[in-house]
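Asks: Provided herewith is a single structure, encoded as structure tokens, for subsequent inquiry.
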Amino acid sequence: QIFNQHNAEAPNLEQAFHRMAQMEPNLDHDVSWFLLPSYWAKMVVALISFLCFANSYDGDFVFDDSEAIINNKDLRAETPLGDLWYHDFWGSKLSSNTSHKSYRPLTVLTFRINYLFAGGFYPVGFHVINIILHCTISVLMVDVFSILLGGLQFSNKGRRLNLAPKSSLLAALLFAVHPVHTECVAGIVGRADLLCALFFLLSFLGYCKAFRENKEGHTFSVFWVLVSVILGAIAMLCKEQGITILGLNAVFDALVINKINLLELIWKLLYKDKSLENAGLLRKGLLFRITLLMCGGAGILYIRWRIMGTGPPAFTEVDNPASFADSLLVRAINYNYYYSLNAWLLLCPWWLCFDWSMGCIPLIKSISDWRIIALAALWFCLIGLICQALCSEDSHKRRILTLGLGFLIIPFLPASNLFFRVGFVIAERVIYLPSIGYCILFTYGFSLLSKQAKKKKILAVAVLGILLINVMRCALRSSQWRSEEQLFRSALSVCPLNAKVHYNVGKNLADKGNQSAAIKYYREAVRLNPKYVHAMNNLGNILKERNELHEAEELLSLAVQIQPDFAAAWMNLGIVQNSLRRYEEAEQSYWTAIKHRKKYPDCYYNLGRLYADLNRHIDALNAWRNATVLKPEHSLAWNNMIILLDNTGNLAQAEAVGREALELIPNDHSLMFSLANVLGKSQKYKESEALFLKAIKANPNAASYHGNLAVLYHRWGNLDLAKKHYEVSLKLDPMAPGTKENYNLLRRKLEQLQKKGG
């Protein structure tokens, strides 16, 4: 509703506006809820939203955080800022065929700022920003819901009036405490959804400001419409869903500003009614504003398409099985089933999971599947709501239901598989924005029940109970997101058929050294998904370390048979074949791995070890040199070069390589130790001693460091110091090879010297 008043001298004008607003049904009239001043309402929403997720502030980096943050080179200072605009969310080039095409440079920029301010990968700062963002968004929701539920109206001073303070507070609280938001808030990669939502709401509020009458008496401001488009573009640069705000602004303009009756408009369009302009479509300014929104949206999408460079991302069948179904009917049925599950998560967010792929939700392949009931229930409810939104004689009801459905459906469209294949089955994070529509519909339903209920206080207590349960569920779910172990284990009861859940539990156990338990979960992951090559690779690795080489070879061979370009599996297969002394096959496996991943320093390192075992020293040195070129901090490759050159008598070359390595990795004590050995053999005792002492200072419990320093002193003639370090070495490792013999030789020599002195 827009009311313009030119008489600045009229008394009690604001009260007059309220009286005019009461001519239409007021949602607050029927809502039995708390009435708070705007400032206090926002404080309450901010506090409760903070309490829901506060316990996630000191959580770890979990799940996708590793790839998007820890392994993302775009966060580091050495990466030029300009690269962010040509890379995807995970740090890969958008032009690459392996890119996910998720273009979110502004989100990555905030991660980079977090990293620089924290001085490294410390998750607390990342989590705190996420919590602050959710609190800010929840506070903004008070204003947004006051417009969506109460209409848009300004006083003569240009201040927007809140015509639904109770309803907007309830809806904002429902949004703030919804447990499905936990992934966005407690998971750091959820920053993309939070930033997108922030600018999404600012775009909407900016669009609303366009209808505040200015001093010149214009009924709308082109400036604020353009600001809204720009904010929508910023939202899209945070996450793709942001672009949908432009469509919602157009819907809001038609329904609230121009009060268009959609059913009447459709009817007149079908019958080409000459009075079409009376339906509001051609009302002054509407077409112009919608043209601005459409042009802005088209321009934004065109620029994004040009930056992407190539086609859509390539996903696998395990990411989104329904999208790979041959039958159009099977695809349609399963997509609609996914929609019903998303709706259920909004209604009853009790069963939450970090990942819903890999068999978590088996495909519906027949109409006799009982889950078809969920589709029927979803469309029964949607059709009922749509009919009411279109056909109701109550304009207030039509407006709220249409806006509720619009905010529920339109932001969800990019994740719906309708326009392009997405890389997930269900993702709780994509429901963050659609939950706005759910909160509108819930609040409107509550107002209808309140209107009919005789004991309104009981109904209010029930809603308070729902809010309290949601707060507790948020706190519980936030605690599960604090560590990968808790997060992955929480999913076992929700998605026991999800191979990825078992894989992640196994990987977490393996990282902690519990290989026996990890094997159990990896085997279950392979059982659930016999083509799960990553589980086969990790299981093969553990079996290799446990010297169960034949089963490891079977698993790794199957993995590369299923996915011939799986470079890591080829390398691990080569390691197993090397251990089985099948050197030619191992060499072939290593080169196949390098063929599929050109820059693979670890594979060159293992290839060098193979050549060293075969006494092909030049080939070994070349392989290790390739490893250090690709990864200058590859300590093992540098060390092996120094040791091989030392063992073959090339002391000068070994010294040169050692010095080169230490310039690149100055604090690596193993390199200090290797170079010290070379310098000792070259009779550069003083420099060798300094390096040995520096290595011992960095790693004082290494028996070999003390033993070799003792040998140096022994050669040098510093027998007392040699005796001291031999004893330290034997104390640390009584079975140290050669140390006991050298120590006994030294003792006999000292005894002889004492006899001569006596």
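Cβ coordinates come from backbone N, Cα and C, glycine included.
In case it's useful when we look at the structure, here is the feature table from TrEMBL:
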TRANSMEM  33-54  transmembrane segment
TRANSMEM  131-151  transmembrane segment
TRANSMEM  188-208  transmembrane segment
TRANSMEM  220-237  transmembrane segment
TRANSMEM  243-266  transmembrane segment
TRANSMEM  286-305  transmembrane segment
DOMAIN    311-383  domain 'DUF1736'
TRANSMEM  372-391  transmembrane segment
TRANSMEM  403-424  transmembrane segment
TRANSMEM  430-449  transmembrane segment
TRANSMEM  458-476  transmembrane segment
REPEAT    499-532  repeat 'TPR'
REPEAT    533-566  repeat 'TPR'
REPEAT    567-600  repeat 'TPR'
REPEAT    601-634  repeat 'TPR'
REPEAT    703-736  repeat 'TPR'
Asks: At a C-beta cut-off of under 8 Å, are there same-chain residues at least 6 beyond the transmembrane segment (430-449) that contact it? List them, or none.
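Replies: Residues packing against the transmembrane segment (430-449) from afar: 27, 30-31, 141, 144-145, 148-149, 167, 170-172, 174-175, 178, 180-181, 184, 190, 193-194, 196-197, 200, 241, 244, 342, 345-347, 385, 397, 400-401, 403-409, 411-412, 414-415, 459, 463.
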Asks: Could you name the stretch, out of 33-54, 220-237, 243-266, 286-305, 403-424, with the greatest number of CB pairs under 8 A to the transmembrane segment (131-151)?
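Replies: Out of the listed stretches, 33-54 contacts the transmembrane segment (131-151) most.
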Asks: With Cβ distances under 8 Å as the criterion, find the stretch in 188-208, 243-266, 458-476 that has the most pairs with the transmembrane segment (33-54).
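Replies: If we count Cβ pairs closer than 8 Å to the transmembrane segment (33-54), 458-476 scores highest.
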Asks: Using Cβ atoms and a strict cutoff of less than 8 Å, what residues sit near the transmembrane segment (220-237) while being 6 or more residues removed from its termini?
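Replies: Long-range Cβ neighbours of the transmembrane segment (220-237): 103-106, 195-200, 202-204, 206-207, 209-212, 214, 243, 245-246, 249, 285, 289, 292-293, 296-297, 300, 304.
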Asks: Limited to the repeat 'TPR' (499-532), I'd like the whole-number average of pLDDT.
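Replies: On average, pLDDT over the repeat 'TPR' (499-532) sits at 94.
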Asks: Same chain only, please: residues at least 6 beyond the ends of the repeat 'TPR' (567-600) with a C-beta under 8 Å from a C-beta of the stretch. Say none if there are none.
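Replies: Those are 533, 536-537, 540-541, 544, 549-550, 552-553, 556-557, 559-560, 606-607, 609-610, 613-614, 630, in sequence order.
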Asks: Which one, 188-208, 403-424, 458-476, has the most C-beta pairs under 8 Å toward the transmembrane segment (243-266)?
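Replies: Checked against 188-208, 403-424, 458-476; highest Cβ contact count belongs to 403-424.
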